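S.K.: Provided herewith is a single structure, encoded as structure tokens, for subsequent inquiry.
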Amino acid sequence: MNISSLDLSIVLCYFVFVFWITIRVGRGVKNSEDYFLAGRSMRWPMIGASLFATNISAEQFVGQAGLAMALGLAVANYQMAGVLGFALMGILFLPVYIRLGIATTPQFLKVRYGKDSYRFVSIFQILFLAINAIPVSLYAGGQVMRDLFGWESLLPGVLILAVTTGLYAVIGGLRAVVITDFIQMFILLAGGIMVLLFGLSAVGGWDVFVQKTEDFRSQEGVDLLSMVRPADDPNIPWTAVVFGLTIHSLYFCAVNHSVVQRAMAAKSIHQARMGGIFAALLKCSTVFLIVMPGVIGLMLMRDGFFEVPPESPDQVYSTMIRSLLPVGLVGLVLAGLVAALMSSVDSFLCSASSLITLDWYKPMRPKASEREIVIAGRIAGAILVISAVVWALWVIPHFKFLFDYLAKFGSYSVGGVLACFLGGLMSPIPNRVGGIVTLIFGTLAGVLMWLAVDNAWVGGIVDQLGLDFMKMNFLHAGAVLTVASFVVLFAVSLLFGEKGREGYEASRGVVLMNMEATPKENRQFAIWVVVVALASVAIYWAFW
């Protein structure tokens, strides 16, 4: 893509603005609570915007738009699952986290099940972030920037992302991350709206667009504007959406510390849960801003407006930017994509740093001063940035299969963790023994089902034993593993030990009418929940 001087200037100004915020905010960090939890002073608009920006990545803009060319709006189910995940996060999880005063999500397991479960999940999340999420995000971000700016190498994009996000996440801490995410939300929305509107205009307007998709369905047999696919669909069956995607999204929205950390910075329970429901409402927009442009791009290709290589559908979004937008607006959209890249990387860096420092360094040095803890967090963040750059540039390109496996393993491995969190919130029965056994069971069972699909030797043994069910769709597998983990959690807890009531008591009264909130705040939250529910129903009704 040939970028004009004006567009490059817009992107450069955005980077300068981010650095300015970092310097301003970094000076105000006084203690570890300021650094890791923004002083627990955040209000819901900032929290919701940061949650939304963190959840959206440039790879989604590029990759899901390309996928929508083949599968249509059914791809939007990945986004709509996040709506439910954020809503349940605000209703069920955040009130408990804030009430307990914990600083990381694994610390809930420490209260509810003891140190063994807490350490297990903390190590799991640190390793996942350090060797998968951060370097893979840098690698994918480098690819996106290389394609957008026409560079020949990944190196410039990876280094730019690492330096910019590393500086404001490491120096400014969570407050800098939340403030920049808040600004990035507006840039993301503005850029997405521009591509959508210019795309619809080029295709002839909404009515013409719908008619073209109807013509495509009559010719190709694919309804591009339908979000609901039959249960035997090989790509996105409705059963996988209802059972698998829901579980997957609930974990990553409500349990994964890289997302939840923003909400833990809330000033109160009401501010936290409002932030979660606001993020859910913002998430509804992604159907139109991320997925719909891919379908529009396909219609424009069929009209000969531009060409995208069949083997590279991911190029449709960047091609639409280049072909449709005037100079100046291209810079705005590019700034939005860069913002999406940065908001993903900064969340992983900040959360990994807090997990290392608060879950491990601080307990090992209980007499450490606040200044020492902040310095330790910054050092951990700097080490993570450097290692991620090395990993992204020199390891991932040679061992891509390893990281494909790691990414898929993330889907297979959440069942046991989610069962422990949900079971611990819902019932006093789960206890210390049940918690750690369930985590071990969920991990081992997930690895086995993963290998049954991706390893020929294990797959052959599974076939010989007649255990073909183990090769089910990975989203279905996630649902089965979660249910099985629930069974193990309650069965083992009933067989061994006493009820684990301490953490359960903190979870009472967490639904719409929260005991710590005022009647006015409860009414406000209930109204927002209804609005999100109606928006979700309307989207599925319109694109059934």
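Backbone N, Cα and C define each Cβ position, glycine as well.
Residues or ranges marked as transmembrane segment by TrEMBL: 6-26, 47-74, 80-100, 120-142, 154-174, 186-206, 276-300, 373-397, 409-426, 433-453, 473-496, 525-543 (among others).
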S.K.: Do the transmembrane segment (120-142) and the transmembrane segment (276-300) come together with 3 or more C-beta pairs under 8 Å, pairs six or more apart in sequence?
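M.R.: With fewer than 3 qualifying Cβ pairs, these stretches do not touch.
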S.K.: So which residues does the transmembrane segment (154-174) touch in its own chain, when a touch means Cβ under 8 Å and the partner is 6 or more beyond its ends?
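M.R.: For the transmembrane segment (154-174), the list is 15, 18-19, 21-23, 25-26, 29, 34-38, 138-139, 141-146, 180, 261-262, 265, 341-342, 345-346, 349-350, 353-354, 374, 377-378, 381-382, 385, 388-389, 392-393, 397.
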S.K.: Restricting to the same chain and to residues at least six past its boundaries, which positions have a Cβ under 8 Å from a Cβ of the transmembrane segment (47-74)?
M.R.: 82, 86, 137, 140-141, 144, 147, 177-178, 181-182, 184-185, 188, 192, 222-229, 233, 235-236, 253, 258-259, 262-263, 265-266, 271-272, 274-279, 281-283, 286-287, 290-295, 297-298, 301, 308, 312-318, 337-341, 343-344, 346-347, 543
